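*Asks:* Per Swiss-Prot, transmembrane segment is recorded for 8-28, 75-95, 108-128, 148-168, 178-198, 229-249, 258-278, 297-317, 319-339, and the stated evidence type is sequence analysis.
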Amino acid sequence: MSDFWVHLLVYLVILFGFVIVSVLLFIWLERRFIGRFQLRPGPNRAGPFGLLQPIADAIKVLIKEDIIPTESDKGVFWLAPLVAFVPVMLMFAAIPFADGAMLVDLNIGILYILAVSSVTVIGIFMAGWSSNSKYSLLGAMRTIAQEVSYEIPLVLSILGVVMLTGSLSMNEIVKAQSVPFVLLQPLGFFVYLSAAMAEINRTPFDLLEAESEIIAGFHTEYSGMKFGLFYLMEYAEVLAISAIATTLFLGGWQGPLLHPVIWFITKVLIIFMFIIWVRATIPRLRIDQVMAFGWKFLLPLSLANLVITAFEILAAPDMNTAVLIGINIAVMFGLILLFSRFYKLGGGRVSVK
């Protein structure tokens, strides 16, 4: 029994260290690449290539004064960062970095991840409500609206993968991918990545902390370590959705020659680079556009993906893989083009009475 607890403690320390180091690396990579996209060098003073800049920023946040608003609900205000941060860390318990390299191999792993990830929004709402600030509360309400709008297409996109594998275990889903599911489920991958970016409030869906509208949104009144926890939470969520996308659609740790962990990290970095590219390319949407995109565009596409997956399983179980991949990619582009004709993003002036 003692050996079990020792192994558990060691794995938890390694996992926590991996997440923290990855978050610091992600922050540095994002700032460097955003700088390149904007024709500037990015951070390049603190250490070689600016590698020490995230560490310097972390130290700065830790020594900042911890300010608590006078009229805030102090207990809830203090607890909110923990309620938001801890569930994100718990998500990594069921993500396999290699065959069996996970804290616990749950037979309902993906269901566990979806359930735990939903708790984060409670922490965000606690922060917005307890701050006694209209900007914080507005940011929190936007979070609730986005969570409701994008959780459904997110779950439906994952359901397509579950239908192909017949398992909810993350480890079994990876082993079932003799061909990466991004080729067999291209539409599901598109819906998952779009909905996941909206759920973690990345550009162009970053309305809950839109600086030009509501200052910093739900964490406007936070400073010091509490603000640092929210900042860590945001980038840990990016790492989590990249790891989940890698597991469900990119074959997880599988790949030739290199060590499985190296393959896993490489695929996670590819997803993260794509998220950075989207941030540097697409402007922030309005709140009505974000809601419409989820309900009028992603939800029908996710339902269509389920119907297509069910048809392929029942009617064409022995179809040549290359032909199936070609059909799926063609259907994906066709459906996106079709629904984009019906769905209008909106724009121009909006009259306010």
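Glycine residues also receive a Cβ, built from the backbone N, Cα and C atoms like all the rest.
What you see is a predicted model, and the numbers here were worked out from it, not measured in a lab.
Just tell me what is around each of these and how deep it sits.
*Replies:* Listed by sequence, the residues of this chain that lie at least six past the ends of the transmembrane segment (75-95) yet keep a Cβ under 8 A from its Cβ atoms are 15-16, 19, 68-69, 102-106, 109-110, 112-113, 116-117, 119-120, 122-124, 126-127, 129-131, 170, 221-222, 226, 229-230, 232-233, 236-237, 240, 243-244, 247.
Outside the transmembrane segment (148-168), and at least 6 residues removed from its termini, the chain residues within Cβ reach (under 8 Å) are 106-111, 114, 118, 176, 181, 184-185, 188-189, 191-192, 194-196, 198-199, 248-249, 290-291, 294-295, 298-299, 301-303, 305-306, 309-310, 313.
Only residues 6 or more beyond the boundaries of the transmembrane segment (178-198), in the same chain, are considered here, and those with a CB under 8 A from a CB of the stretch are 146, 149-151, 153-154, 156-158, 160-161, 164, 205, 241, 244-245, 248-251, 271, 274-275, 278, 290, 293-294, 298, 301-302, 304-305, 308-309, 321, 324-325, 328-329, 331-332, 335-336.
A Cβ distance under 8 Å defines the sequence-distant neighbours of the transmembrane segment (297-317), meaning residues of its chain 6+ beyond its ends; these are 150, 152-153, 156-157, 159-160, 163-164, 185, 187-188, 190-191, 194-195, 324, 328, 331, 335-336, 339-340, 343.
Listed by sequence, the residues of this chain that lie at least six past the ends of the transmembrane segment (319-339) yet keep a Cβ under 8 A from its Cβ atoms are 179, 183-187, 190, 297, 300-301, 304, 308, 312.
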